[in-house]
Each structure stands twice: as structure tokens, then as C-alpha cells.
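Heads up, the thing below is written out as C-alpha cells.
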Amino acid sequence: MVFRKPPDGGWGWVIVVVSFFTQFLCYGSPLAVGVLYLEWLDAFGEGKGKTAWVGSLANGIGLLASPVCSICVSSFGARPVAIFSGFMVAGGLMMSSFAPNIYFLYISYGIVVGLGCGLLYTATVTITCHYFDKRRGLALGLISTGSSVGLFIYAALQRELIDLYGLDGCLLIVGALSLNILACGSLMRPLESSDSPPPEKTCVDKVPDQYFVYHEKEKTVEENISILEKGYIDEKCANNMPDYKQDSILNKNVLSSINVNEKDTYKKKVVEQTNFCKQLAKRKWQLYLNYWEETVVLFKNKVFSALFVAILLFDIGGFPPSLLMEDVARSANINEDDYHMPLISIIGIMTAVGKLTLGILADFKWVNTLYLYVTTLLMTGVALFAIPFAKSYLTLAVLSGILGFLTGNWSIFPYVTTKTVGIEKLTHAYGILMFFAGLGNSLGPPIVGWFYDWTQEYDTAFYFSGFCVLLGGFLLLLAALPCWNACTNQSSKLPPNTYSYKVASSA
């Protein structure tokens, strides 16, 4: 399939709209899972650390499986993957309404819904990049706000549905709403040209024939000579026989010659296929060697190594508030009548504001995106340290807004990665970083929940979270100060025979 030049408009704006609603529908419930978290605590009576695994898996599994998601979209296309993933998300949510225990939710909500969200994110980003080039940043920024708007709306929606229909009814209705992803996915028309020239052959297809056959040709020639000689002798002897015998022998020789030729052709095909597999395996092995060689080169960059630690610690400490803030308010005995808006909704809307604001700041030439990212990490750590001192709805709402705004630093993370490793290594480096971000998303809420189970209060848990984020920010700052200019000015040429890899991330 050969793609045309991105039109930067036209049907591309339809793609932006449907991608926005796709992320809105698929990420709304997983990001607002804090409302469901309270109900699951009451329904199953499990510890907070064990229950928190449901939401952390739903948000982290898509990042952990980002290489697999990229392979699926590359192999089957964005539209089929989006439609299939819509069934996954809707089915996982509906199955969760029948969950008999917390372990069932690990699979139905955590793995099935989480993997479906990861596939949908990859599909929406891929199809948007196909349709946009010059306006790609704007298009990606617009669709990424879909998840934040989903968090804002679904936090209030799920609470209202629980009050009206209970937890099971809420999950059934939310799952039914997710079926609208199928309609959105059907509009993701691939950008392709039927009259384009055929794609260039792959490296394996270009292998000359002599590497496939080896010395089989010489053997084939000798066999053919012996067959011809044998046929000539038989024909000479047959001339002294009656005609009817001569005809039968001639037919027999023809049949035997055909059988020998068929066997020879079969042997040749077996040899060709065997050597093709050998060449393919050799090239795949070289591909893996190049991948790990490039990975080692990346980790020799001090800033990249510090960035990998920072993103892991940031997600361990910075993600739990979006899942646990409602339970923090309940643990602080805040009256529900004081609630003007769910705290998770505040986090969601401020995350969207933060993505847009920080993304605009990153476009200014006088703004160093690495220092801007470090600033958001340090401020997040301070805000997490302040949560134990918040004893009213107003203070928790303010802290939720601050944390939501700072979590919008996801929009500038690709800028930081590009500055650190260069555009040529961006896909490889970003995939590694997103894997560890998913690991942090998966581990953060259970760790905070375990702290509560041990101490019966959230103070120690959020001190730990704040310490993790501050530690990551200071390590990144120390790594960046002495060698920032040297790292950004270094040439980032790839080693020979290196292949690029597509990797997806989650919002």
C-alpha cells in the first residue's frame, strides 16, 4: 500500500473529529475509574492496594503493550483495528458488570479494556499522522484532549449512573456507549492510492537467485544429461522391436521423464524455500542485534538515562491522585454536600488545559522544553506533599486542579525526547520510555493503596509519591545541567543497517 501526500485537511478533519470521540469514549471510564474504585471497595471488601490494581492495569497495559499495538495497526490498518478494539472495550466494560470478584475485574476491566484502549490510541494517532504533515501538531493536540474531556465528563456521568442504576447498570450503560467507537472506526478511511506504483521489494526479496540454489544447478544438469542418454539408448533398442511394443516403451519413457522432472522441480523448490528461510532468519537476527545495539547507545546518553528514571518515578507518584483522590476525600470525612464537582472531573479538565498551555509554551524558541518539563516534575512533587495537609473540599479541589494541569506535561514529553536523542532515534527512544511509563502507571496506585493498608492513612503514601516525583525531577535536572548543550548538539546518526521501529503511547 502506497500512501498519497498528506492533504492537511479535507477528510483529515473528519479523522480528527472521530479520533477525538474515539479517545473520549474509550478513555473516559478508565481514566475516571476512581469513581468505580470506591464502589468496588464496598462491593468486594478487598484491600485498597489489591483493588487499585484494576484501574492501574486499565491505564498501564496499553503503554506496556505499545509495540504489539503498533505491529497490529501496521499489519491490519487503523480502521479494522479500531473496529475490533471497539468490541474489546465495550465487551470488557459489559463483562465487568457481572464480575463475581476482584480477580475477574483484573481480566475484564484491567486487561481487556486496557489493551483495547492501547490499540485505539495507536490507531487514532497513526491515521491522523497519515492525513496531516504541516498541521500534524495541531491535529494530534486536538485528538489528545479527547481523553481529558472524557475524564471530565465520565467522572460525573458514572457517579450519576451509579446513583440511578447501581454499579452493574453503570458499567452496562457505559459499555453500550462505547459501541459508538464502531461508528467512529468505520469513518477512518485509509489514505491510499490505487493507481500508485507497486511498492519496492523488501531486502529479502532482492536476494539474488544464486544465494538460494547454491550448487543444486550443477546437480540438476548432470541428472538431465543422464536422463537424456538413458532415453536415447532405450529409443535405439526399441527400433528393433515391433511397432506396438515401441509405442508402449516410448510412452513409458515419456512418463518416467515427466516424473523425474517433477521430482527435480520439487527438490529445487524445497532448496529455494529452505535458503529463503535461512536468509530471512539471518536478517531478522541482524535486526534484533541492531535494535539492542541502538538501545545501548541510547542509555549511554546521561540525559536519556535520567529521563527514563524520571518518567518511571513520575508515573509511580503522579498517577495515583487521578485514581484515589475521591477516596482521599472520603477518608478525610469531607461531607458530600460540599461537593460542587467531582475531584476527578477537576483533574480531567485541568489536564486538557495543561496539555494545550504547555504545548503552546514549548513552541516558543526562548523556552527550553527540558527545563520546562523538570519544572512540572518539581511542582508536582510539592503538590503531592501538600495533599496530607488538605482537610477541606476547597483545598483538595485546588490541589486536584494543580496536579491535573501539571499532568498535562505529557504534551511536551515528545519534544523533550526529541531534544535528548534527536529525531532519527525518536521512535526507538519514545517506545522505551513509554514502556516504563506504563510500568509506573501499573505500579503506582497499588503501592499507594498498600501504604494505606499498612498505615490506615494516606499521609505516608503521598509523602512517598511526592518523594518519588521530586527524586526523578532532581536527577533529570542534575543530568541536564552540565551536559545539556553537549547532548543536544551531538550528531545522532544511526549505525549502519539500523531499522526504525514504530511505537505507540497512551495519553
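The backbone N, Cα and C atoms fix where each Cβ goes, glycine too.
According to TrEMBL, the protein has these features:
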TRANSMEM  12-40  transmembrane segment
TRANSMEM  52-73  transmembrane segment
TRANSMEM  80-98  transmembrane segment
TRANSMEM  104-125  transmembrane segment
TRANSMEM  137-156  transmembrane segment
TRANSMEM  162-183  transmembrane segment
TRANSMEM  303-319  transmembrane segment
TRANSMEM  339-358  transmembrane segment
TRANSMEM  370-390  transmembrane segment
TRANSMEM  396-417  transmembrane segment
TRANSMEM  429-452  transmembrane segment
TRANSMEM  464-484  transmembrane segment
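Counting C-beta pairs under 8 angstroms (sequence separation of 6 or more), the transmembrane segment (396-417) reaches the transmembrane segment (339-358) with 3 or more such pairs.
A contact links the transmembrane segment (162-183) to the transmembrane segment (12-40), because at least 3 Cβ pairs that are 6 or more residues apart lie under 8 A. Packing against the transmembrane segment (12-40) from elsewhere in the chain are residues 6, 46, 51-52, 54-55, 58-59, 82, 85-86, 89, 93, 102, 105, 109, 113-114, 116-117, 120-121, 123-125, 127-128, 131-132, 139, 142-147, 149-151, 153-155, 157-159, 162, 167, 170-171, 174, 177-178, 180-181, 184-185, 187-189, 322-327, 330, 342, 344-345, 348, 507: each is 6 or more residues past its ends and has a CB under 8 Å from a CB in it. Contact check: the transmembrane segment (429-452) against the transmembrane segment (464-484) gives at least three Cβ pairs closer than 8 Å, residues 6 or more apart, which meets the contact criterion.
Residues 22, 25-26, 29, 72-73, 104-105, 108-109, 112-113, 115-117, 119-120, 122-124, 167-172, 174-176, 178-179, 181-182, 184-186, 188 of the same chain lie 6+ residues outside the transmembrane segment (80-98) yet bring a C-beta within less than 8 angstroms of a C-beta in it. Counted over residue pairs separated by six or more positions, the transmembrane segment (303-319) shares at least 3 Cβ pairs under 8 angstroms with the transmembrane segment (464-484), which defines the two as touching.
When each of 52-73, 104-125, 137-156, 339-358, 464-484 is checked for Cβ pairs under 8 Å to the transmembrane segment (370-390), 464-484 comes out on top.
If you look at the transmembrane segment (137-156) against the transmembrane segment (339-358), you find at least three C-beta pairs under 8 angstroms, all six or more positions apart, and that counts as contact. Here the transmembrane segment (52-73) has Cβ contacts under 8 Å with residues 30-31, 33-34, 36-37, 40, 81, 102, 105-106, 109-111, 113-115, 117-119, 121-123, 126, 319-320, 323-324, 431, 434-435, 437-446, 448-449, 501-506 of the same chain, all six or more residues outside its ends. Nonlocal intrachain contacts for the transmembrane segment (339-358), taken as residues 6+ away from its ends with a CB within less than 8 angstroms of a stretch CB, comprise 31-32, 34-35, 141, 144-145, 148-153, 155-156, 159, 321-322, 325-326, 329, 372, 376, 393, 396-397, 400-412.
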